[in-house]
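Asker: Quick one: the structure is below, questions incoming.
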Amino acid sequence: MTAKEKNAQTKLERALAKAEARIRELESRLKLENSNDMPGAELSVEQRAALQDHVFSSMKSVPFFCRNTGEYDLLYIGVSVEVVTGLSMTLFYEDPSLWQSRIHSEDRDRVLGRFRRLGETRVTRCEYRWQIADSSYRWFCMTLRLVPCDEFGDDGTECVAGVFWDINGRKMTEKALLEREERYRTVANFTHDWEFWLGPHGMFLYISPSFERVTGYKPEKLKEDPSLLFETIVHPQDRGAVRRALLGSLESDEPISLDFRIITRSGDVRWIGHVSQPVWDDKGDPLGRRASNRDITGLKETMQELRDKNQFIDAIMDNSPAAIYAKDVDGRYLFVNVRFTEKMHRPDHELLGKTDFGMFRNDLAEQFQEGDKVVLKTRQPLFEEITVPNGEKTEHWTSTKFPLLSAEGNILGVCGISLDVTDWREAEVRLRQLARAVEQSPVSIAMTDTAGRIFSVNPCFASTSGYSEEEMVGRKLGFMLTDEDELFYDQVWECVRGGEEWLGEVRNRTKSGDVLWERCSISPVRDRHGVVENFVVVKSDITERKRLERLEKDVERIVRHDLKSPIMSFIWVPRTLRKAENITEEQRLLLGDMEQAAHRLLRMVNLSLDLFKMEEGTYEFAPEDLNILRVIQNVMVDLGETLDRLQVSISIYIDGRPAEENECLLVQGEELLCHSMLANLVKNAVEASEAGDRVTIHCSTDEEMSIAVHNKAVVPDDIRESFFEKYVTSGKRFGTGLGTYSARLIALTQGGRIEMKSTAESGTTVTVSFPARPCLAGGTMF
């Protein structure tokens, strides 16, 4: 219902309430007049009949009787039906279904339902639309009552006695009032009022039936005990005020109005709006007070909601990051929020009433007012982007202006919302720069969704692969992989879908069929909640590097193979010379050292071949029980000259104590591999130490055996993340970058692990772990 309709209905209800009060007042007067001659007498039959005749004639009502059966056959209808409907009384007798057939289709079931429920209700009333003689529909009101059918010769049965009258004028008046008042009404709360008449001695003379609906108590209970209102129904906090207002004003000629709370029979707390005024008889003697009480709980709640809503709107205005303002049609500021005053560095009272020319530079003020004029003329919103110089910095603002209209549609001014988007604009510039960098990048870059489907590639990606962007969009990233790498692709995506970054080398095939080796990284891109939205793929072409590495390995294998023949000569020649009888013992020892050195050289050549097999995954590991302490001692012997030259010492510890000479630690491994691995790690630690430093080797015998090589030096930051990668070195004049790489390769081949920790406070520790074997009691190192 519109505001106008609600306002009109409210006024009509007030008018009807006054009319009903007038009828009750006349009835009361008649009772009082009769009581002067005959105390306790009620209205006479003639008086009641006269009153009913007056009402029926004024309402142009039509009485009727019908049977209380399924067809509701008409037994009698008043002659006034022709005046009211335009149809003769004869038509109703000739066609008993005429009255039902002319009921409006939307009202027929409701009206007939009232007839059917008469057996329960006995009396009912309804309003409906009925088609009169000119085929138009008019509104009628009908009351129904079950009565004996004695007058129609049907003893022991019941008939329906009814009266209907034309209320179309009232309905049209209501409609006109609603339409006329719609635009002026703002808020209303409709409730059914409870009326009462409080006598001059504080007794209730009349209480309307609505009292029970509002409070849950029957009107008779309040008539019997007036204290029920003041001691039970009225809220304890309001009882004093209500008692004083009602009982204290019985002899007053002033109307009173107050709001108070009640507690219903069900325990609910409701707000009541009370209005009462004095009633006087013809002689001027007080008859008490007539009061109307309306449930205004909804109105109270609405007012509280409005207050809460206003506070909510105020909070939005005060905390909004946008500058919000309103101007009248002349451009004077009517309202500004906190952000606006902060931007202007002035309180609101210095801004309200001023125009843009009083706050901004003339060129900006003219620009702002031109926008206002467009909004006032077109009555349409206007969006602008504004650049405002602010010292050395330029600010960017977006402004949305829209007309401020009254309830009648008249323009009151302009309202605007301006937001500082300087940071967004700068971010947009950086984003464009980044986009250009991606487009011009010499590496291949692609974006995929979480399923691995490509939705964007840069030009380098397209030129390297030979496919156009249109040919790749929508396809999965692995479509370029060679057939033998399809399983590898599934493993990679299983890793990255878990949120991890993947880095490695992949073998793709270009559109022309050529093999393309690429170093690839796949990184997840997350939203602000940490959920993976897509992936960014960065690839660089390493096909040429792969070719050179393969060539290098081939050359290395050839060289190693060719070195074996001369090395074997260094083994057999000293061995043969040692058998001669004309050499001294010292010469014999020197020849033995030469033979051992040749053997070590041969093992190193073989080790280089083994490392290649480890890289290829074809090395066959043959572990054996190995005393790792003896291996460490051999390493120290090999490094003896280096230790003396650099003035560095080495200490060995087992579980935190110095190692004894006759101890052993057995591990599962190959002696040559362990010797090479520990030699590289210990040599690196010694060479990184300064004169006088001590390198410590800590052996731990837990569930798995570990060896930790520690020195005081710190690994440079630039190689810490890639410490164990191939060809990584820093600061060593003749370093190849293969020592730690081969150590890691050997550790992994033997089923162990290797890790490095380096800090300025504690130095550098490289720890190798592999399964340990218990040593038999009494075992020796040799």
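Indices start at 1 and increase along the chain as displayed.
Backbone N, Cα and C define each Cβ position, glycine as well.
Residues or ranges marked as coiled coil by TrEMBL: 2-36. Annotation source TrEMBL lists domain 'PAS' at 180-253, 309-379, 430-499. Residues annotated as domain 'PAC' in TrEMBL: 256-308, 382-433, 502-554. What TrEMBL records for 558-774 is domain 'Histidine kinase'.
Help me see these features in their spatial surroundings.
Answerer: Per DSSP, the domain 'PAC' (256-308) is made up of 12 helix, 30 strand, 11 coil.
The helix, strand and coil residue counts that DSSP assigns across the domain 'PAS' (309-379) are 41 helix, 10 strand, 20 coil.
Helix first, then strand, then coil: DSSP counts for the domain 'PAS' (430-499) stand at 41 helix, 13 strand, 16 coil.
Regional average pLDDT for the domain 'PAC' (502-554) in the model is 83.
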Asker: Taking helix as H, G and I and strand as E and B in DSSP, count the residues of the domain 'PAC' (502-554) in helix, strand and coil.
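Answerer: Result for the domain 'PAC' (502-554), in helix, strand, coil order: 12 helix, 30 strand, 11 coil.
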